[in-house]
Structures are given as structure tokens and as C-alpha cells.
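For A:224-286, the entry in TrEMBL reads DNA-binding region. The domain 'PBC' annotation in TrEMBL covers A:29-223. What TrEMBL lists as domain 'Homeobox' is A:222-285. Per TrEMBL, region 'Disordered' is recorded for A:1-29, A:313-336.
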Amino acid sequence: MDDQTRMLASMGGLGGLSQADVGDPDSVRKQQDIGDILQQIMAITDESLDEAQARKHALNCHRMKPALFSVLCEIKEKTVLSIRGVQEEDPPDPQIMRLDNMLLAEGVSGPEKGGGSAAAAAAAAAAGGSPNDSSIEHSDYRAKLAQIRQIYHSELEKYEQACSEFTNHVMNLLREQSRTRPISPKEIERMVAIIHRKFSSIQMQLKQSTCEAVMILRSRFLDARRKRRNFNKQATEVLNEYFYSHLSNPYPSEEAKEELAKKCGITVSQVSNWFGNKRIRYKKNIGKFQEEANLYAVKTAVDAANVSAQASQANSPATPNSGGYPAPCYTPDGRL
DNA sequence: ACATATGATTAAGA
DNA sequence: TCTTAATCATATGT
């Protein structure tokens, strides 16, 4: 209402009519006519609701109404545009573009299941490793991702629906109001743009949190520490055998590592990890490993004895060379 | 539930 | 680049 009264006041003698008309007695009549209409419009708020309603209707049907309305729109257009300037165009937000790209890359916002699972399968293949394990892990991963994706889509749909509903509502409201106050199509457009901006900022939050969820999911599944599996018994046995039979220098060469890896069904770097852990842990607490050391010393001794076909003799183990690491204190009867 | 074992990661150093 | 040492996060045993 504020705009309206201000505008009406500023109009003064009605800019809609050209100066040439002023002298014309007919135009004078028109002027009075319009002045009368404006008076009625300005007074409308002072009337009771019913009266105002009736008055509005009457004014709406007035023959001058369309002309007056378009003039008012024109004036309002000018004032509003001059007040707000021209800061219409908003650049595509780099932030939201980043989020969009990431969601697309993760297969959250992209095409349906087909593409996503294919990408996941490709990722699984690229990651390598034992097929049993990783396929299980990845199906789990895929399931969680699908969950995120589903939530994302349903939320997005909700937002979009709410946005269009709200936009419709506002547009209807404006259209309704445009019957009694000057509202130009441009204004409606601008309003719609504003609403869309607001809603897209909400959407951005959704995208942001979805991205976070995906990141967390990724870190959960990609961090190998989280899906730690112990090596099987036979593998640890092989590793321990090597370790304790090379106690003085438990640093397998690249080739040795490769062979151990093959024997144990693990990767070379896993062998390296194992030896790294084993060395440091053995060194840190030799006492704790004494029993194990003896056990493997016996084992290798027995093996050696078997291989050399000297089974008849009592075990006389070839105590492993003791260098940097103290040798286990082995007792012939196998006790500690 | 808790402690211990264990595979993986990381920073720092040689 | 490989190792050590510390640390993380899970697995396993009690």
C-alpha cells in the first residue's frame, strides 16, 4: 500500500494524459474523472471491508481502469527499477557447480542404477584385490550409496515441489493483487527469481550435506584400516617361519617378499607391512614373543630334519643366526 | 565390556 | 625408497 499511495501522490495531475489534451474540455472531464478514481482508490482503506469490496469491484469495472492501471505500472516500473538498479544477473555459483560436479562424479545425481553400479564395478576392478572380499565390500558400499542417493532425490523432489508450489502461490497472490494494485509482469518475474534463489540456496545445503555423507562413506570404505581382515593361519605361519628363521636379519629381499606374497595369497606391500610390524613389535617386547620364537624354531628344525632325512636323530635344531635380534632361548625339550 | 592382537597408515629419518 | 615408530581402527579373545 505504501508504494501505491506514494505513487499516486507523485502522479499529481496524472502523467498518463498528454499536455495537449489539457485545453480540451473533454480531456478536462477525463481528468476529473481519473482524479475521482484515484480519490476513491486512496480512500478505499478507510472504508469497511464490505464497502471496500464493493468499491473495488466498482473500480475494477470502470472504463478507465485498464488505462490507469497500465500507467501506474509504468510509473512503478520506473521507480522500482531506478531504486534497485540493475543487479539482476547472478553468475552461476562456483560452489554449487563444484557440488554438482562431485555428486555427478559419485553417481548420486547422475543417471539411475545402471551407470552408478557400472562405475562402482569399474572402481572395484581398478582397486584390485581379492574378488570375494572387494565385491562384498563394494556391494555394501553401493547399498549405502544408493541409500544416500535415494534420500537425495526424494529431498530434491520435495524441495522442487515446494518451490513450485510456493511460486504458484505467490504468483496467484500477485495476480490477484494486480487487480487492485499495479503489479507489472516484470515484478512478478523478479519475485519468482527471488523465490528460486532462496530455494536453490536450500538445495545447496542439501547438496552439501549429501556430499559430506558421500565423503564419509568413501572414507569408511576406502580406508583399508576399517576393513581390516586378519591373514589366514597358514599365511601367518609362513610369514612367521620366515621371520624366525631369519631373526638376525629379518629383512626379506624384494624377491623373497614376492615369493612370500605368493605363498600367502597377499600382496607384496602386505608382506612388507607384516614384516615392518613384526620387527618393531618383536623388538619392543622380545619376551612376549619368546614362546612363538621357540615354536617356530622347532618347526623349522623339524622341517629341516625331515628334509635332510635324518629323522631318527633327536632334534638338534640349527639355531637361527643371531645378529641384531636376540635369538630365542630355545630348550631342546621344546619347553620354555 | 574390556584388553589384547593385528593389519594399515603416517611422519620422520637415513 | 625403505625402515622405524607411533598411531589408527578393526578383529579377536576373555
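Quick reminder: no glycine exception, Cβ is built from N, Cα and C everywhere.
What TrEMBL says about a protein is an automatic prediction, not a curated fact.
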Item to check | Per-region confidence, the domain 'PBC' (A:29-223) (mean pLDDT, whole number) | outcome: 75
Item to check | Secondary structure tally of the DNA-binding region (A:224-286) (DSSP, helix then strand then coil) | outcome: 46 helix, 0 strand, 17 coil
